[in-house]
Each structure stands twice: as structure tokens, then as C-alpha cells.
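For 31, 82, 86, the entry in TrEMBL reads active site.
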């Protein structure tokens, strides 16, 4: 199966204390599309596969919005790392173009930012919600139950980091 992972850039910037822009994007962005297996969901990664090739300009334009590197700002390098670590493991089903196109299509179909905004939820370091408050509108809108992943800041506050399908 594949894990489709979206991240909340402000959490990345708070936890990793580095960001390419002073004010990070306030939308959920793609972290990756990760082939997985039931017995070890962190695998496979770093599979032997084809070398990353430059993506067509029209796809790059879409990915710069949906799949930016919020930490270093080097989007192309981020895409290359994700392809080499995870995408190559999907080559039995998806070639490189299909891998990135599918990721973009899923991001468009599962617009977590809009779904949560419609439920009056914007992830924040000061506002708190229960797990179910966040999962419920996503489940209603997508007919899928997401997994939420949080990270702790320096004050030990749990911050929403990723939404996984």
C-alpha cells in the first residue's frame, strides 16, 4: 500500500527551527507518497531504481505549490530525495512521472487545508483540539480515516505535523 503524507509547514519550522521563508506556507503540503508494507510500514525505502530525471516545467510549477521544500527551499533536491528514498520503490506500479503526477492529484483530491478550514480549524501552537475534532471532518469529506502525526515543540506542546492516508 502507499502512505500519502501531507505536512503542516509551520510545525516543521517550529520543531526543526529552520525554514526557507520567514513565514512558512499556511497550507498542508505534500511530504511524500511512500510505498509501505503491513509488516514494516517504514519500509520499503532506498530501493534500487531509476535515477531521478528533471521534471517537465508544467509539473514543476504544480509541485512548487503542493510539494515545496519548506526547510531549505530547494524543491528540486527535495523531490529527488523523495524519489530516491521512496519513489523508486514504487516503480513496479508507477514510473517517476506517474509517481509525481499521482501525488499531485491526491493532494488536489484530499485538500486538508480546505477541509479543516470549513470546520473552523487552522493548526496553531496556541489553539487546541481533540484528535477526533480533526479526524472527523477529514473522514466525512474524504470517506477515509487519516492518521494524524504530531511533534512536540520546546514547551512539550503537541503540534499537528502530518496527515496520512
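Each Cβ is built from the backbone N, Cα and C atoms, and glycine gets one as well.
Bear in mind that TrEMBL entries carry predicted annotations, made automatically and left uncurated.
On a predicted model such as this, the values are computed, not experimentally measured, just so you know.
Sequence-distant neighbours of residue 31 (active site) (same chain, 6+ residues apart, CB-CB distance under 8 A): 5, 6, 7, 162. All protein chains considered, the CB of residue 86 (active site) has 23 other CB atoms within 10 Å.
If you take the C-beta of residue 82 (active site) and look for same-chain residues 6 or more apart in sequence within under 8 angstroms, you find 32, 33.
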